[in-house]
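Colleague: I'd like to ask some things about the structure below.
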Amino acid sequence: MLMATDAIGSDAVHIPVMRARILDLLAVVLKSGRRVHVDGTLGMGGHAEAVLRRFPDVELVGIDRDQQALTMAEARLEPFADRVHLVHAVHDELPEVLDDLGLDYVDSVLLDLGLSSFQIDEVERGFSYSVDSPLDMRMDQSSGRTAAQILNESDPGALVRMLREYGEEKFADRIVRAIVTERDRQPIETSGRLVEIITEAIPATVRRKRHSHPAKRTFQALRIAVNREMETLPAVLPRALDRLDVGGRIAVLSYHSLEDRPVKEAFRDACADTAPAGLPMVPESMAAKFNPVTRGAERPDADEVATNPRSASARLRVIERVRPGPVNRQHATKESR
């Protein structure tokens, strides 16, 4: 893990999703005293800046795997430098980050699982199917396999599973056959070429009926695989819950069902008691350690969606620790096997 150093400027614009609602939900714990807030997906620092401005006594721990976004956030948060700790790490390294800072517990945690506008629009990243660019898709460009390497080197069966599991793509077999045919001729290196392959593989009648871009599901699956998102998310949730102090809150923004499902399950387990069925009363030691704050998942209102269309699919879940002790990890345990 490396501390952020070189600050750089940027003209990129990123509108933090559900910013006002998140601030209101965290205000209960952050409004008084020297509190510690963790932004485990700092990005360009939009949510973090809002927290620091509204709560002048809050100390921020900002974590991100994307060094370029992290340095942009460092420049943005310079006015609050005496209250900010920025760390280059993946969010599932949260316990190690806090240990290095000498923090046993924190008061709030925010995880925004979406890409920033900067990442989507950055030509050299390859996240977007609307711009022709090198197929990279790594949030941390200093390590890991690129999307091009996965496409060109993976077994066809593994690619089919990836598209089905991470993209929920019905035409995974057809798309992978087309990918294999093309890569046998020459490596697939750019997003533009991949979009052409996908578009040609999906029947025209289906393309006309789909409300989204034909490449959307494949690009989502590739991004998830490149960044191991379905490994790090189930790992960070119980670790973040463990480090929340009593009265602390955790807020998670997800953008599709694959992200929302493990969040929903982890939060449901954390808010459940561990007493056997049939007991006339739940012993205090078995009582739920967390309570829900939001009723299910909240969505952005119509005004926000109109202003920031990329927020349309967002789902916000928040729970609060009400008792000390380990949480019920039924689903977290399953994911880690």
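Note: Cβ is positioned from N, Cα and C throughout, glycine not excepted.
Source: prediction; values computed, not measured.
The annotation S-adenosyl-L-methionine binding site is assigned in Swiss-Prot to GLY45, GLY46, HIS47, ASP64, HIS91, ASP112, GLN119.
Set these features in their place in the structure for me.
Modeller: DSSP assigns HIS91 (S-adenosyl-L-methionine binding site) to a helical segment in the three-state reduction.
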Colleague: Using the structure shown, find which entry in GLY45, GLY46 (the binding-site residues) has the sparsest Cβ neighbourhood within 10 Å.
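Modeller: So among GLY45, GLY46, the binding-site residues given, the one with the fewest Cβ atoms within 10 Å is GLY46.
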Colleague: State the count of C-beta atoms found within 10 angstroms of the C-beta of ASP112 (S-adenosyl-L-methionine binding site), not counting that atom itself.
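Modeller: Other Cβ atoms found within 10 Å: 24.
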Colleague: Within 10 Å of the Cβ of HIS47 (S-adenosyl-L-methionine binding site), how many other Cβ atoms are there?
Modeller: 26
Colleague: Taking the Cβ of HIS91 (S-adenosyl-L-methionine binding site) as the reference point, list residues of the same chain whose Cβ is under 8 angstroms away and which are at least six residues distant in sequence.
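Modeller: The answer is GLY40, THR41, ILE63, ARG65, LEU111, THR232, VAL236.
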